[in-house]
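Look at TrEMBL and you will find His155 tagged as active site, proton donor/acceptor. Feature annotation from TrEMBL assigns active site, proton donor to Lys159. The NAD(+) binding site annotation in TrEMBL covers Gly9, Ala10, Arg11, Gly12, Arg13, Met14, Asp50, Gly99, Thr100, Ser101, Ala125, Pro126, Asn127, Phe128. The feature (S)-2,3,4,5-tetrahydrodipicolinate binding site is assigned by TrEMBL to His156, Gly165, Thr166. For 3-128, the entry in TrEMBL reads domain 'Dihydrodipicolinate reductase N-terminal'. Marked as domain 'Dihydrodipicolinate reductase C-terminal' by TrEMBL: 131-264.
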Amino acid sequence: MTIKVAIAGARGRMGTTAIEAIESSPDVEAIAALDYKYNGLHLHNGNINDEGNGIPIYTSMAQMMENHAIDVLLDVTDPDAVFKNVEEALAHGVHPVVGTSGLSRRQVDEISVLVETEHIGCIIAPNFSIGAVLMMKFAAQASRYLGDVEIIEMHHDRKLDAPSGTAVKTAEMIRQYRPAHIQGHPDEQVHIEGARGADVDGMKIHSVRLPGLLAHQQVLLGGEGELLTLRHDSFDRKSFMPGILLSIRNVVGRKDLVYGLEHLID
Ligand SMILES: NC(=O)C1=CN([C@@H]2O[C@H](COP(=O)(O)OP(=O)(O)OC[C@H]3O[C@@H](n4cnc5c(N)ncnc54)[C@H](OP(=O)(O)O)[C@@H]3O)[C@@H](O)[C@H]2O)C=CC1
Ligand SMILES: O=C(O)C1=N[C@H](C(=O)O)C[C@H](O)C1
């Protein structure tokens with residue numbers, strides 16, 4: 001029995017790469033695309049066609065479920081679309097695997113409640129790359145000893161949300177060890193708004209958007225006379241595929257919410 005997956009965001013950069021990864025995995029099958037347009041058409045290698053090539057596109061979850069028994073919805077859409085897709089998937093008994101960034105803390109809490117009500121497992125992974133998850137774990141560990149932290153995340157200029165989901169999750173993980181405190185000079189004067197970045201409990205997050213970048217993050221941890229720099233680079237969206245496949249295989253056996261891939265790797 002293969003795990004049957006529908007993809008929301010299938011026409012996009014992540015969706016296209018994910019379909020390729022799923023198609024080369026014998027135990028997982030890409031069955032359909034959930035979209036907001038192109039209902040009734042098909043998607044093949046990132047191209048829409050009306051000749052029946054590739055996977056069928058649905059604009060309604062209900063209609064998709066009438067035609068297919070879907071186990072997992074992989075969502076790689078955008079911050080405005082993801083919450084509704086997850087809500088609908090859970091209501092239809094489909095396990096969401098969410099890569100889309102930009103969910104608010106409140107939305108994650110609401111999803112947690114829905115998961116408990118529906119008894120359907122869900123995985124939200126701010127970053128599917130194993131290397132990025134390790135960088136986040138190491139940063140959290142290191143912040144126990146070096147508690148002055150600045151996060152610099154750098155992404156391609158097509159990214160909608162800032163700061164990145166990875167930076168937000170990194171700050172949340174560090175928060176568990178680092179007591180809130182002001183960093184820098186207490187009487188600091190900021191002459192151009194935003195110069196010191198976003199603030200999480202005194203920790204700073206800086207977001208860089210440039211063509212040529214894909215997904216990169218540095219965590220700088222400073223101490224008296226020393227600096228620890230942890231850096232991760234995704235140079236190719238293939239870096240996210242092992243985490244996506246791991247999540248798809250794992251979520252079908254769950255009835256709880258997993259927020260962060262660090263909970264799936266030791
Ligand atoms: N967790 C992780 O490891 C990673 C997460 N991401 C996240 O994944 C998301 C997608 O990234 P990326 O592939 O680069 O973005 P893209 O813009 O390339 O793809 C998003 C796709 O979603 C489509 N879309 C928008 N709304 C809907 C909807 N309601 N239903 C179905 N499809 C919809 C868009 O269509 P249209 O073009 O018509 O607007 C677009 O084709 C982002 O949030 C990004 O941050 C990215 C990489 C790794
Ligand atoms: O938009 C992207 O590309 C990425 N988004 C995720 C994020 O917001 O952290 C994951 C990765 O950094 C790529």
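Backbone N, Cα and C define each Cβ position, glycine as well.
Note that TrEMBL annotation is computational and uncurated.
These figures come from a predicted structure and were not determined experimentally.
In the predicted model, residues of the domain 'Dihydrodipicolinate reductase N-terminal' (3-128) average a pLDDT of 97. For Thr100 (NAD(+) binding site), the nearest of the recorded positions by C-alpha distance turns out to be Gly165; the candidates were His155, Gly165, Thr166. Candidate recorded positions: Asp50, His155, His156, Thr166. Not one of them has a Cβ under 6 Å from ligand 1. Most Cβ neighbours within 10 Å among the recorded positions Arg11, Arg13, His155, His156, Lys159: this distinction goes to His155.
With respect to Arg13 (NAD(+) binding site), the closest of these recorded positions in Cα terms is Lys159, chosen from Lys159, Gly165, Thr166. With a cut-off of 6 Å between Cβ and the nearest atom of ligand 2, the binding-site residues Arg11, Asp50, Asn127, Thr166 reduce to Asn127, Thr166. The DSSP breakdown of the domain 'Dihydrodipicolinate reductase C-terminal' (131-264) into helical (H, G, I), extended (E, B) and coil residues amounts to 41 helix, 39 strand, 54 coil. Cβ-based crowding with a 10 Å cutoff singles out Gly9 as the top-ranked of the binding-site residues Gly9, Gly165.
Sequence-distant neighbours of Ala125 (NAD(+) binding site) (same chain, six or more apart, CB under 8 Å from its CB) are Val97, Val98, Gly99, Gly243, Ser247, Gly260, Leu261, listed in sequence order. Same-chain neighbours of the (S)-2,3,4,5-tetrahydrodipicolinate site beyond His156, Gly165, Thr166, judged by a C-beta within 8 angstroms of the site's C-beta center, are, in sequence order, Ser101, Pro126, Asn127, Glu153, His155, Lys159, Asp161, Ser164, Ala167, Ala215, Gln217. Cα of His155 (active site, proton donor/acceptor) to Cα of Gly165 ((S)-2,3,4,5-tetrahydrodipicolinate binding site): a span of 11 Å.
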